[in-house]
């Protein structure tokens, strides 16, 4: 008896129907989706260009932030354009291969972004609990290896899902109640047992985002434990401020993703349109809000974005002049640029870890321009180097 031809059991295309039961509202739903996608494209692009162009932002914290912006751009672009075409009834069909490619792209980027959030938590742990070893631990080489490792892990975890879906017979079922291709949504169209797919999805989710979330929680427990024993009243608020942006991004990223993940697998009594709403939230809301959160709460990014925007305005005007409280060149951020250049010059002159006449190790303070000896206690180190807490590491590369 000949083996069945599995290629014939695969549908030529899938039909995505959007949000079932809300077809009449698709046009209205598309308006906020389109606005959030546009905001995500603009915000992450501006953030990425700012980090690339400004040398003072070429530090681990901001490099990780740039990686996060790239992931947000790719994640939203992999899903939202097709979602909008479905909501606008322009194209509701997607090929079988295209569906698998979209599914792989979504989960690949999601797992990679989760790893980057974990790396950012480790960055904050080193910056707050052991700031004097910050540049020794998080070198540019280490940051690059972390990015490569995140991609390799993501690929290894999600690549088997393609073959798990291709092995299933679908018996002509090709209508999917969703706005994009999701692993368990495609598997449920099969006319065969999908227990392997369900448990593989659970294992993959736990080994990636699950372990990452646990590791992030442990890192913040250690950070708060470190801050709890500080005698200085100034250090804790600064540290909490710099961690606040990261905690907000983590909450927005993991909360809808975990609810969607668990609901699709174990929430048989949850309305389907609620599950689809959750599935769309974690691919469009975090990419929109991440650059806003970091732009509003991080002074260095605010200053450099304003500087780039003013340069762009000067380019359109074609002339320099008095503008508000700016100087004659229209560059109110020049003082900040000079401070960065002065910092780099001082570090080159003194060099990291140079010894003074009394044997103490000195570092440059960007606030008073003087050399200060390092201190053994965590409290003294945090008071002496407040910029480390605020994401502007004075000991940066």
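Just so it is clear, glycine is given a Cβ too, placed from its N, Cα and C backbone atoms.
TrEMBL: automatically predicted annotations, no manual curation.
Looking at the stretches 343-363, 364-384, the one that TrEMBL records under the feature region 'Disordered' is 343-363.
Counted over residue pairs separated by six or more positions, the transmembrane segment (198-227) shares at least 3 Cβ pairs under 8 angstroms with the transmembrane segment (100-122), which defines the two as touching. With Cβ pairs under 8 Å as the measure, the transmembrane segment (100-122) is packed most heavily against 142-165, out of 142-165, 239-262, 274-294.
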